[in-house]
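I have placed the structure first, in the form of structure tokens, so that the comments after it can refer back to it.
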Amino acid sequence: MWKNARFTVRSKIILGYLIMLISVGISIAVLNGRMNSMDKEINFINNHDMAVHDLTNQIEADVLDLETGQRGYAITGEETYIAPYTAAQSEWLADYSALYQLVADNPSQQSYLREIRTNVEKWIEVAGDPVIALVKSGDKAEAAQFFRLDPGKKIIDTLRFQLADFMSVEKGLTQKRIDDLDEKNSSFKIGLYIMLLIVTVLAIAVSLVISGTIVRSIKQVIKAINDIANFEGKQELKRIDVRTRDEVSDLCVAANGLLEAQERANWLQSGIAEIAVSTQGVSHVNEMAQAFMARTALLLGAAYGVFYVRREDKLVRIASYAASGSPVGMNEFALGEGIIGQSALEKRAFLLNDVPEHHIRIATGLGESAPSSILVFPVEFEGRVEGVVEFASLHPFTPLHKQLIEQSRGNTGTALNNVKAQMEVARLLEEAQTLTEELQAQTEELQQQSEELQAQSEEMFAQQEELRTSNDSLKFSEERLQRQQEELEDSNEELAKRSQRLESQMRQAEAFNQQIEQQNAVLAKQAKDLSEASRYKSEFLANMSHELRTPLNSLLILSQMLADNKLGNLQPKQVEFANTIHSSGTDLLRLIDEILDLSKVEAGQMKIEMEPVCLADVRESLLRSYEPLAAKKGIAFGVELQQGLPESVYTDGHRLQQILKNLLSNAFKFTHRGYVTLRVHRMDEPAAGTAGRAEHAGVATGANGASGATGAGGAKKPGGFVAFSVIDTGIGIPAGKKEVIFEAFQQADGSTSRKYGGTGLGLTISRELSALIGGHIAIESEEGAGSAFTLYLPEGMEEAAAHSARKEAGAAAQIAEAFEAATEPESHRKEGLLAPSIEWTNPELLTPSSLADDRDAIRPGDRVLLIIEDDIHFAKILLDMARAHHFKALVALEGDKGLGLAHAYKPDGILLDIQVPVIDGWMILERLKQHSELRHIPVHVISVVDEPQKGLTMGAMAFLRKPVNKTHIEQALSRVESFMRRDLKRLLIVEDDIVLRDRMVELIGHDDVLITAVSTGHEALEELQREQFDCMVLDLGLSDIGGFELLDRIRRSDRLKQLPIIIYTGRDLDMREELELKKYAESIIIKNVKSQERLFDETALFLHRVKADLPEDRRQILDRLYDNEAAFDGKRLLLVEDDIRNIFALSNMLESYNMRISFAESGREAVELLERDPDFDLILMDIMMPEMDGYEAMKAIRAMPRFEKLPIIALTAKAMKEDRQRCLDAGASDYISKPIDTEKLLSLLKVWLYT
């Protein structure tokens, strides 16, 4: 019974305490008896011995009172002496009786007391009473005689000895009792210690016994848990031997269960891993399914198996396991058909036991057997069933087997989907070339349709011109008729005579008016038809743009991702193929853009800005642009200005340079040796054959007239003209092809296009531009000898305006801004759609330029200035002036080398031109300001590009527009020097909220910046007039002056025009206010959770603060802002796109930055998804979609109040100029065109996710 009894830990502990309590109780009882005995002895001493001593002393005192009373009365005779005597007589007897009783236990002492009593009584009888009687009787003589004999003295002496002996005996007895008590006390202490030791030993023994039964098992449990923690799946986990029957045994049993669970979990993990590994490295679904079946069957102990993959609404067998001669299972199932179909339909596993023997036979070498159990389960990916697997086993499948399947089928679905995706990518790569050829065919068809539409437009414009002429004639007739009527009214007599004729004329006039109205109606109809045709053409081109760009967008993104080869699993040849696809797609995109841009020309959407243009500036700009290209090709290049030319010509300077650059680019393209020259000269009229080639030796004019001049762009006009002749010694143009080359998409012959490239649009653009600014182009060429293209422009303002008006009257359209890219030098046109990738540390970027600089003479402590300028002559001037200011100067003639030098030398300042080769100045400025070690360097822009606000917004310290003189350069260098010398930057904060103002000062403040904080606009104006600030932070909601009024006052001041201003406001700005603010401010920040980090970043940028000098927590703010992965981590985006290829490409790119992507394939689906799940950080919205397009979808989303501030970025393949405004009007926050520049998209995402 006791062997099987259950003793809990609590029972054991209580038992141990009971044993210890009993031991302590026994000890206390024994000790208590000893203590009681000692207490009795102590009480006896206190109550008996002390009383004996006191009574003995009292008897002695009583005897003394008897004696003194007797003698006092005898001597004095006073009655007062009788009282002590009388009292002592009665008291001593009482004391004696009490003392006699106390010593009852000691007979010898009682006997001694009786002797003392006898003597006392004897003294009273012999001496006491007789003397008193004598004195009372008056016989004093007899009394005196008694004292001379004094028989009582002997008695008293005897009493004293007796009492002393009695007291001595009692003291001895008392001392003996005390000594006995001390001895007992010592033995009591020893006994106490012994008992305490016994209880302690017993307690320890009981504790050890009880704890041993508990701790031993707990240690085994701890060891088991440590084994689980350190388990690596190789060794076998040892079970705990349970010998007790208590809670600890329960813990041991639980630990054994945990060990078993760990082994099961390890088996599951290793099984899942083995299954996952088995499905890797395969490129076909069948191979993946076969590998999965083999590994999983081994783990499950299955004998047969079959794998079905989903194709549409069917489940088709693609692999089997242990098939005996023929594949196992049926070929296919429909969804819901049989257990296989039902498993796919319900998305759950089925376990069948007790399978009938005739169901299937599992064959081995020795025979056949029926399976015991069948397991069927679906394979899913993101909630969609991708396949179904069935296994049969001779043994029942355990719950562990089923758990393995449940946990691994998700990974299997992902692997199956990945293999399908890889197969799809392979198929897409195979179809890429076919897609490109189809796009080329569509492009050619678009070209043909564009030409037909152009012809229709020209015909309709001609008809409109005829109707206008006829209308003018009719109006003139009406005026003449009115004058005749007035004359008839003045003369009544004449009126009477001619009334009949007048009535007839009036009838004719009415008929004529009806004819005019009919013609006006026809004219209006034709104008409407023309407008409709133009609108249809624009819509057609926009839609065609979408249809062409949509597949091309996926092709470019996917081919770029393949070419990047981030996974490193592509062969070099495959990377080369991907690069070829991307390059071909880019070329095709450029062709599509030029075709669409030509349609903009015909739509008449260009504004011309006529102004005096300095010819010397034109010469310098062209020399800077083309001298590097000429040097690279090894041909001579020059720009000649004839004597007697005016200083300027009245025209559109931007369009003039566009035409000349296009003509020069063609000249350089088709010239391999010799020279290219631009000759500017004055002519009274642009006569034929006067293009100026005869003056250049080596270029014959031709004896047969083959080199005659041909005009393009309008008839020759008399008056003062300035001629710009581009002369080259290139391949020339055959006589019969001179007119053809001015047509769109045309070149001299097909071989030219194949050999030299290009679209054939450049001269078409130049012809239309020349007509738009009042000029025209003539050509003079001889095949094999060279060509001369001459642009004739009116010299003066009146002539230019008159010519321009005449040209515009007959022009079909104006030229769009987009053609500027087509007229740039060849070296600029090779940049491509995406910004080039520059490796900062590439040693080739540090190769010295042809202009010697100071890079080899730079020493620690030197002030270093980097000059990025492609004009070598101007760069030499800047170099010399920088040295005069005691700078060590570096010179880069190309943009990429400028970035390399900036990274290598960390200059103290940079002078930057915008139009530099390889990468332009805008890209350089952007990359400098994104680099944490370079963003503080002050950059002073010096360029012909007139966009100072853009430069300042991007972080430039100042902007200087060319042409410049020495004074301007001196001022720029002085500004850079002053900025470098000032270690302390000044910041003005204008904020009326004192708490927020103090918080901003605390955030931005450090020992490198001096902050002035004010609360009103008037205080801000006073501070700006008194001090020179490097940057200003402004809240719009001030109490005294409106934010817009304050900004206007600041920008009207010449001294404050280039002051960087950051708007930091909590106001919700509408589109109009935002556009208005961008005229004044470099940055607009709306106050929210992340706004303080962005404010710190913007102020650091415009104050050019050195990151290394900032506190650690501020550096961490900048690191977080420029860490793309951290910035995008966990952000949730909704991608609305109807093309699955674009969804695949964009989602892969965005998910690589840890963003979570959901997608909808139409606007309606997007709106419904947002209503169900509004938790999105941003929407990417395509425009051209079925059911509901992007415009309608954005309007519907903005109509819901909770999505009023949700950022929406519009994605569209339409390239028309008005598309951006239309997207913004519909509710888009921003806009990006397809094909998508990934860097620009990421930049937009970062802006809108944290704005």
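Every residue gets a Cβ built from N, Cα and C, even glycine.
What TrEMBL records for this protein:
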type	residues	note
TRANSMEM	12-31	transmembrane segment
TRANSMEM	190-210	transmembrane segment
COMPBIAS	447-459	compositional bias 'Low complexity'
REGION	447-475	region 'Disordered'
COMPBIAS	465-475	compositional bias 'Basic and acidic residues'
DOMAIN	543-797	domain 'Histidine kinase'
DOMAIN	864-977	domain 'Response regulatory'
MOD_RES	Asp913	4-aspartylphosphate
DOMAIN	986-1102	domain 'Response regulatory'
MOD_RES	Asp1035	4-aspartylphosphate
DOMAIN	1132-1249	domain 'Response regulatory'
MOD_RES	Asp1182	4-aspartylphosphate
DSSP composition of the domain 'Response regulatory' (986-1102), residue counts helix/strand/coil, works out to 54 helix, 25 strand, 38 coil
Min neighbour Cβ count (10 Å) across modified residues Asp913, Asp1035, Asp1182 flags Asp1035
Can you tell me the CA-to-CA distance separating Asp913 (4-aspartylphosphate) and Asp1182 (4-aspartylphosphate), as a whole number of Å? 37
Based on DSSP, tally up the residues of the domain 'Response regulatory' (1132-1249) by helix, strand and coil. 54 helix, 24 strand, 40 coil
Could you round the CA separation between Asp1182 (4-aspartylphosphate) and Asp1035 (4-aspartylphosphate) to a whole angstrom and send it over? 35
Quick one: DSSP breakdown of the domain 'Response regulatory' (864-977) into helix, strand and coil? 52 helix, 23 strand, 39 coil
So which residues does the transmembrane segment (190-210) touch in its own chain, when a touch means Cβ under 8 Å and the partner is 6 or more beyond its ends? 12-13, 15-16, 19-20, 23-24, 27, 30-31, 34
